[in-house]
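Enquirer: Structure provided below as structure tokens; questions to follow.
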Amino acid sequence: FFLSTGSNLCSYELQPSEYTTDPRAAKLCPKYPVPESAPIPFFHRCAPVNISCYAKFAEALITFVSDSSVLHRLISGVMTSKEIIMGLCLLSLVLSMILMVIIRYISRVLVWILTILVILGSLGGTGVLWWLYAKQRMSATADETQIAKDNLQALLIYAISATVFTVILFLIMLIMRKRVALTIALFHVAGKVFIHLPLLVFQPFWTFFVLILFWTYWITVLLFLGTTGSPVPNEEGFVEFRMVGPLKYMWWYHVVGLIWISEFILACQQMTVAGAVVTYYFTREKRNLPFMPILASVNRLVCYHLGTVAKGSFIITLVKIPRMILMYIHTQLKGKENACARCMLKACICCLWCLEKCLTYLNQNAYTATAINSTNFCTSAKDAFVILVENALRVAAINTVGDFMLFLGKVLIVCSTGLAGIMLLNYQRDYTIWVLPLIIVCLFAFLVAHCFLSIYEMVVDVLFLCFAIDTKYNDGSPGREFYMDKVLMEFVENSRKSMKEAGRGGGAEGRELKPMVGADEE
């Protein structure tokens, strides 16, 4: 400061050349206008030594909260209702468990209620459109405006489109009506799986815990990367750590690692669930199940199938990274690109998203095939793909009807928890704001319901692939008895009877499915 301004800040008895070398400078020079700091180990960053700095920050935060009346009321509402919030969160957990047990009993009712509602809705909508068109057509006059004529023409187009849609919908439901019965049977058996393997419901929580640990590690390494390199003074006189050479590309490596390992952890969950459900399905006497089928599945995963899981998660990563890059480019060019470029970017992002979802579903079935046949990833993916293509209508029925049923289950849990929250918080309406506690409760209820019912959906998909293989390898004759549950066996028998009545003979149900491995391998 002296060299740049010529101003003596220290006592005159201390020469400027001695400002940084003389030990008397601590007493003869003024204190720095910043708190005393010390470096944090490994991070090359300084932090104040005096704890009072943090106390002042906390005091400022408290002052801000106290001065903000809205924020203060919201936080006080949460603190006042904390017992109710905890109770409602527990209620959502209990409701999710109860729903998973009873959904196998109400699945048939839900499916037919859904079917009736869709039929009535499509018929009603089409009928209303034609009624409005006929009414306007009859009341039309010769001197009506061009706008009225355009509206009448548009109404005719809507009515014709709705009619075509209704006819197509009826044809699809007519074709898939027998396959809906398989969805109901699979949901019924899935409920039994959770009775025999109750620890499956906690699988999402273990996965979430492992993901939290990994993300913590990833952020720690990210902080290390932020202070990697050589200290270089910048134009303003401050020191920056600049990475040179290969270190500059470590960020990309680190980001790819985040996506790949996160997908790897999720794939490990899918493989664990698939292994446990496959063990349940192909054990004829359920009393002879292993003591801990889930731990046995984890053991097989670690010993034999880590490479399969790594390859499947890497394929998802290869699709996800380009989509994220395109989304970043779309965000950066927002308002700058022309309409054509914007449309092409959105189309590419949409195509990659669809491809990612298809590959994720195929991977999940490939893991099931691996759990059944102990084959490598490529062989399992090919075999699972063949099974899914040959049973495309059944897969469509399971994924549409089944997913909608599970969605209704999530809505039911969230609405029930929210309604209970409104009734309980109503007693505190004079001194508590409902908004934040109710939002917290509903979000938690949705997350819990999603975790539980996503496992239910995964179990249904695994059971379907096991059923497909079982009906091909076995026909119910002595020596080739089915492994399937009685509910699924009744479905097969009913299908055979209906096919016999149609003049196509029995056993066609089994011929629809082709083997995934040869008979000699079985």
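Cβ from N, Cα, C; glycine included.
According to TrEMBL:
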- 499-514: compositional bias 'Basic and acidic residues' (COMPBIAS)
- 499-522: region 'Disordered' (REGION)
- 84-103: transmembrane segment (TRANSMEM)
- 109-134: transmembrane segment (TRANSMEM)
- 155-175: transmembrane segment (TRANSMEM)
- 181-201: transmembrane segment (TRANSMEM)
- 208-229: transmembrane segment (TRANSMEM)
- 249-282: transmembrane segment (TRANSMEM)
- 404-425: transmembrane segment (TRANSMEM)
- 431-453: transmembrane segment (TRANSMEM)
Enquirer: Count the CB pairs under 8 A between the transmembrane segment (84-103) and each of 155-175, 181-201, 208-229, 249-282, then give me the winner.
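Expert: Per the Cβ count, the answer is 181-201.
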Enquirer: Pairs of Cβ atoms less than 8 Å apart decide it: which stretch in 109-134, 155-175, 181-201 has the most with the transmembrane segment (404-425)?
Expert: 109-134
Enquirer: Do at least three C-beta pairs under 8 angstroms join the transmembrane segment (208-229) to the transmembrane segment (249-282), pairs 6 or more apart in sequence?
Expert: yes
